[in-house]
Every structure is written in C-alpha cells, then in structure tokens.
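Engineer: Dumping the structure here so I can ask a few things about it.
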C-alpha cells in the first residue's frame, strides 16, 4: 500500500509544476498535453505484457524491477535542458512503462497475500492510496518548486520515495506467494465471496492460452461495459489532472487576481490546493463508494453499476458548473471541482470490485491489464492532448489575449462533462448483464 502511494506520487508530480515546464520548454497547449499522452500510451501498451508475466512468473520480482526502472528514469529526466524537449517526452514514456508494472501486478499480489477477512479492508485501502498519491504528487512538486525556486528538484525528490517503496517491497512481501486455493478464495472489495480456481473434489481447470483468455473476456458483457465506463472516467480524470491548475491560473488572470507568470518560478498555489482537494476527495470518495456498495448490494444485486452510473452523471454536472463559474468566482469553481472529483472517486474501488467478481481468478491479471489498455487507449491517453489541441485551434482564431486563452481552455474542457455522461450510460448497460456474468464467474 505504501508502495502504491509512492509510485503514484512520482508519476503525477510533474503535473503540479506544469506551468513551469510549459514556460521552460516554450510549449503550446497541444505540446504540453502530449507529455501526458506519451506517458499514458506507453503505460497502456506495457500493461498487457505485465499482465501476461504476472499470471505466469514471480510477481514480486516484476514489481521490484518496474519500481527500480521508473525511479531511475525520473531522476535522469531532472537533468534534461530546455533544448531537449523530445528527450523529456521520451522520459515520460519510459516512466509509463515502469508504472504499468505495479498497476497491473499490485492488486493481484494483495489478493494472494491476504485471506478473506483482511482482503476486503486491504483492497479498499489500496484504492484509497491511488488518489492520495496523486494529490501528494501535486503538493510535493509544487512545494519543492516553491522552496527551491527550481522545478527540476521535484524530479530529484520523488525517486527517493521510489527507493523507499522498493525497500518496503523487499521487506514486507514474501519471496514466493501462494496463489488461490480452496481456503484462500477470491473476495471482492465489498466482501462478496467468489468462486475459486481449486475446489475440493473438483478437477483443476485446464490452463488456457492468452488468446483464449482474451476471447472469454470479450464475451463478458459486464467486463466490457464496465471497462468502457472506466474509460470515460479515465478520460475525465486525465484531463482534470493535466489542465485544472492551468485553467484556474488563466481564470485568475482574467479576473486580475494574479499577475502573468514572468518570474523564474510560477505561482504554485493552484496546484497545492488542487492536490489537497484530490487527496481529500479521494479518501472520502473511495470509502463512501465501498461502503455504499457493501450496504446497497444486500438490498439490490445490481447496486454496483448503478452507484457508478449515478456518480458519473453527478460528477459531470458538477464539473460543467465549475467551468461556467470560473470567470466570476474562483471559490465556487474550486467547490464544484471538489464535488466532481468526489463523485469520480466513488467509482474507483467499485469498478475494480465489479471486475473481481465477474471474472474468474485465473484470468484476473489479464483482465486488469486489458482494462488498463482499453481505458487508457480511449481515455486519458488522448484527453490531455485533445484538450490542448482544441484549445490551440480556438486561440488561433483570434488575437492573443488573456481572455482568449481562458475561453479556449474553458470551451475545450467542456468535452469532459459530456464524456462523463456517456460513462454513466455505460454503467447503466453494465447493470443489465452483471447478475448473469457473476453466476458464470462463480462456476468451478
């Protein structure tokens, strides 16, 4: 769990100093968004590879190698000068490859390590640390840039946390982990028992190829529709994480609250506040989502996808309201952004919960990897660049001004609200199939 928070902190830290990076390399909005797009593309392409390896080889070794790799790359990227923007982009892609290792492997290690009673709590805590790590990354990077006057130090501190994560992995995770047996059954985050791969008196299921696993997952409607819902979540989350501090900065410029960023280190207050919001809403949202699923499922078996659908619709409305209020009230904008992030965070644990009980244990690493691939390919791999490219195109229509730069990012950001609404619709479709797919997954 500590490993997860430290890894996510490292991955997201540069977003807390995005304005400094944009000024340092002299980037347009489109090229700025490309940084996150390259990271996510490499991340999603590497995920199926780690999923395949995680189902067949030592998960601890794979996870440790991934942590060591991206820590080294992150440290190296802090020494790249302004003349080598392309190398900086490449470094973000390499960090994405290392990140794919823990995102794919860590949930399955937890599922193997803990027995039924503890696994519910541990998996919930695991998903709480993901938004907490993201928010801490914002605050750490912004704080380091402010205290040192040099944004490069944000990339020199986070590898130290990666080293700590590696030490914790070595000390706390046993070298060999016994995978699921009849006594060590799979359990969803909400505490619902799932079928086991091994049951007394039942012959062990024959091993299947990766292509057979993928074919089976493609026929699992609950997995497909919930993955598309997660894709919409990833699209919105990726765009928010990339552009909110810059959007707020431009809104403040229009209102005359802050001066233009001309000094060596730009104002980092928006990143610090947004990081704090991400931490707080992440903790509250994940806990609330898991608890709501645990309680409501007792009354209605389709509760999980309906919780996700309701949260997505509400989040979209809050985010659209925040965009419309930005030019007149920064405080109101922060409040509605917080509610939008809160309702997005409600879904993180619940979506993974759905996957864990509609997919048989022997295919779960592959399912997680494919879900990562799909959600990032159609989600946050493109959303940061898309928002930036649309903003560039809108700015090109008129004379450069603070007003036009704000209006362009505001208009392009509105796409997120509509994508979020589509995500709600995908979760409604999930509810139509979830009972049948769950029964199928529980078959020995």
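Here the Cβ of each residue, glycine as well, is placed from N, Cα and C on the backbone.
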Engineer: Between the candidate ranges 34-54, 181-201, where does TrEMBL place the transmembrane segment annotation?
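Structural biologist: Comparing 34-54, 181-201 with TrEMBL, transmembrane segment matches 34-54.
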Engineer: Can you dig out which of the ranges 3-26, 411-434 TrEMBL describes as transmembrane segment?
Structural biologist: 411-434
Engineer: Looking only at the recorded stretches 272-293, 305-325, 368-391, which one has the largest tally of CB-CB distances under 8 Å to the transmembrane segment (34-54)?
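Structural biologist: The stretch with the most close Cβ contacts to the transmembrane segment (34-54) is 368-391.
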Engineer: Count the Cβ pairs between the transmembrane segment (305-325) and the transmembrane segment (153-173) that lie under 8 angstroms and are 6 or more residues apart in sequence, then report whether there are at least 3.
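Structural biologist: Counting Cβ pairs under 8 Å, fewer than 3, so no.
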